[in-house]
Amino acid sequence: MTQFVGAIDQGTTSSRFIVFDRHGAILAVAQKEHRQIYPRPGWVEHDPLEILANTQEVIGAALARANLTAADLAAVGITNQRETSLLWDRETGRPLCNALVWMDTRTDELVQRYRRDGGQDRFRDRTGLPLATYFSALKLRWILDNVDGARAQAESGRALFGTIDSWLAWNLTGGPDGGVHLTDVTNASRTMLMDLATCRWDDDLLATFGIPRACLPRIVASSDLHGTIRTPPLDGARLAGILGDQQAALVGQACFAPGEAKNTYGTGSFLLMNTGTEPVRSKAGLLTTLAYRFGDEPPRYALEGAIAITGALVQWLRDNLGLFDSAPEIEALARSVPDNGDVYIVPAFSGLYAPYWDDSARGVIAGLTRFSNRGHIARAALEATAYQLCDVVAAMEADSGIRLATLKTDGGMVANELLMQFQADMLGAPVVRPRITETTALGAAYAAGLAVGYWSGTQELRDNWGVDATWRPTMPAELRAHHQRSWKKAIGKSLGWIDRPQAAADDVG
């Protein structure tokens, strides 16, 4: 009897497999981290074969812990780190190079060249996205231009392009022996190659970026029967859901009505608001993106505020500065001081994303005195997450005309109660943590389960959602205003830090 649904959650730092029951409760979970590869400053890579091996390992471990087999699963869904891009040989299954991670900035020179003719928003009307190092099109262009033989193989169709969802789906459904090469609308919308209105690859964009159509995956719905898994230990299970991680969290938080929003605190942070069946064009620095598409229903769209570095700042304090041994320890260190000591951190390690979109911004620690100590640095790091989200919320309210009444949250950092209270204080609005915080994986499970009738519809998914904790604002308005002014001053020190060389004369489009 197929009593459960499985979800592969392939993230920036680790791969997980989670088994959910009909109420969205977790039956079993297994997780394994993969290496972060930094060949040069600004370059970030992952080994696709390591990710694939880890994914298969955690699937087996989770099933074993629950004493289950593939036959016990009604369906399996995939959710993944978005934009991270790779090219692989369809005959051997070997990647042509490491995957270029979403936060990798090596395409900065290409971005500047394309901006010369039409500016940062040159393609925004069609794609919903500004020209930035974040998105997949120029990552693929870089691979085609810099990896030996890549362009010829891509043009012939021997090399296949994909984000991580495509890579996993292709391998799970057979790989070189008939694996399906596809991606869902949410992941496709992050490539800068898809027309938002049609949900199809756009020939003009392909020509402009120099991308051969032969290497691209087929674009499919987020919730549908995509294929049968043909590799152990899920051999025979149905692959029926694919969602980019932030869209998956939107689904997992049951944000199915226009105006409903969630924020995920992870390596970066991502605020998404459902805008319904029509895309809303941002005038305040947000992204217009796909929210999801269930079967033959019209696609749903979202506004997104993407923040590159939040949880990654905590990792940096741990790994590069050695302020603590494990990430959760930052809360105790931050609580060792009563306030931030007027220290502010702008973690622009990969430039600044929404609403600034400045690839030349760099990280800043401002306000240091001899009084400043480790506790102040830790507290400022947590507060930086809240300040960045407030910037995005202000932009989203300006675009949507909707005042955020309550913030639904998820992701690893929601366990940090000091951060959650400070977030409520800075927003001036309640912050809510749901009972089930693994909403990214849950969203992928929901998409898969809906496709096979395991759940009857979105109302049943709404009924699964419930509140675990709520934080309400208590900060005096004068202190909030002081923090806002100081944060804006620190942002000003970060913007435009890199002096750009004169762009090359050759025209790329």
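Each residue, glycine too, has its Cβ placed from N, Cα and C.
Per Swiss-Prot, the candidate among G118, G119, G162, G412 that belongs to the ATP site alongside T12, T13, S14, T267, G311, Q315 is G412. Of the residues Y134, Y301, Y344, Swiss-Prot puts just one in the glycerol site with R82, E83, D245, Q246: Y134. For the binding-site residues given as G311, G412, the lowest number of other CB atoms within 10 Å of the residue's CB is seen at G412. Taking the Cβ of Q315 (ATP binding site) as reference, residues of its chain lying under 8 Å away and at least six apart in sequence are, in sequence order, T13, T267, A327. In this structure, the CA atom of G311 (ADP binding site) is 18 Å away from the CA atom of E83 (sn-glycerol 3-phosphate binding site). For the glycerol site listed in the record, the two most distant Cα atoms among R82, E83, Y134, D245, Q246 lie 15 Å apart. Cβ environment of D245 (sn-glycerol 3-phosphate binding site): D9, G11, T79, N80, Q81, R82, T264, G266, T440 lie under 8 Å away, each six or more residues apart in the same chain.
Cα spacing between Y134 (sn-glycerol 3-phosphate binding site) and G412 (ADP binding site): 22 Å, rounded to the nearest whole number. With the fewest other Cβ atoms inside 10 Å of its Cβ, the least crowded of the binding-site residues R16, R82 in this structure is R16. Checked against S14 (ATP binding site), the binding-site residues E83, Q246, G412, N416 differ in C-alpha distance, with G412 being the nearest.
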